[in-house]
Amino acid sequence: MLELRHRGGCPSPGGAVTPPLREGEAAGGDHETESTSDKETDIDDRYGDLDARGDSDVPEMPLSSDRTPEILKKALSGLSSRWKNWWIRGILTLTMISLFFLIIYMGSFMLMLLVLGIQVKCFHEIITIGYRVYHSYDLPWFRTLSWYFLLCVNYFFYGETVADYFATFVQREEQLQFLIRYHRFISFALYLAGFCMFVLSLVKKHYRLQFYMFAWTHVTLLITVTQSHLVIQNLFEGMIWFLVPISSVICNDITAYLFGFFFGRTPLIKLSPKKTWEGFIGGFFSTVIFGFIAAYVLSKYQYFVCPVEYRSDVNSFVTECEPSELFQLQSYSLPPFLKAVLRRETVSMYPFQIHSIALSTFASLIGPFGGFFASGFKRAFKIKDFANTIPGHGGIMDRFDCQYLMATFVHVYITSFIRGPNPSKVLQQLLVLQPEQQLNIYKTLKTHLIEKGILQPTLKV
């Protein structure tokens, strides 16, 4: 394949590629032309090896070891591999769902820690693939710098979250005030240090490969850290904005698998040969129905619908509020054809249930494309799963490839159609201001309310 890079050049007996002679030029040529050609050939040979690789040249990844518990292996030993995998996936799925319910019961802070743990594990799985593929090149500091950049980006995003949602707590701590005030400068300085370390680590033989891996790390950060930050932002809007989207993706994953397992006949996409149209369609309808019911159940409880706020007086997260109109029962007129079927004029439901249809539709129609993207990535590197963390499921990234796409959609949906001014967040920002600034805002607000007739003007004696 190297020959194609040299515009018609032909290989010499030693393996080097020499350019073709121009018309009217002797075989000996002048010394300057020959020297230039040798330089170009040397550069191309040195850096062209990676570009010359096709998909077939990607090194084989080591096969993942089977981590299925021995007790399950013995219990399912008499079944075919198809049914054995079905039972393993089912048992592990129920186990993970049970643990998820337990973490929900433990509160918002534990959910945030769960998101952070999943983010770190997904980053580890993707970076490990890159390291295994290119480990023979012995790139200096590749893994060290990858984890350093992960630390820097997390410091930036979580620092922004602390500044937004923990202002009253930060106000009491003088050291934290310094960190928050100069947070972005500190974050930039940390990133700049990593950038300089990368430049200093460049090796003459592997320039291009090192830049490939530099891009690999940053794309991985974009996929994992940015999306997990959006998940936490959604959680602060109310636990319902965290649970309904995530559970919709889980429901679609399960029901699409079940419909495909029992009724699948028609292949859906070449990237995932086991995916079928029957599973895709069955998963869609199941997910929309599930999301509508889940939204109705969760909308009844303040614990799920109230924004997550940090209360400095009790030093913990609280979910207490007067539910907004989005989570209050409303009466809706039914279309004529439904009136005849249901024999009623109106129906009562929560407005959030209507939004849940949009969330569920995205989870079942667009969300799977995150999985297809991951399938294409795995095929490019000739691996079945990102890791073997969960028996029957693969790695953590295999289970959350659709969740990251969903997190972005939910954040965009909230900011576009739902979110209004947040009084508690405005109050937190006001409390951080200097007393003179607070007084100016108070006078301006008082004047505004008097002009609108909400407050009566004070009489001067």
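Each residue's number is its place along the chain shown, starting with 1.
A Cβ is built for glycine as well, from the same backbone N, Cα and C atoms used for every other residue.
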TrEMBL annotation of transmembrane segment - which of the ranges 115-137, 276-298 it falls on: 276-298
Range annotated as transmembrane segment in TrEMBL, from 212-232, 401-421: 212-232
Dominant neighbour of the transmembrane segment (276-298) in 141-158, 178-200, 238-264, 352-374, by Cβ pairs under 8 Å: 238-264
Residues of the parent chain within Cβ reach of the transmembrane segment (178-200), under 8 Å, 6 or more residues beyond its termini: 141, 145, 148-149, 151-153, 155-156, 159-160, 162-163, 170, 210, 214
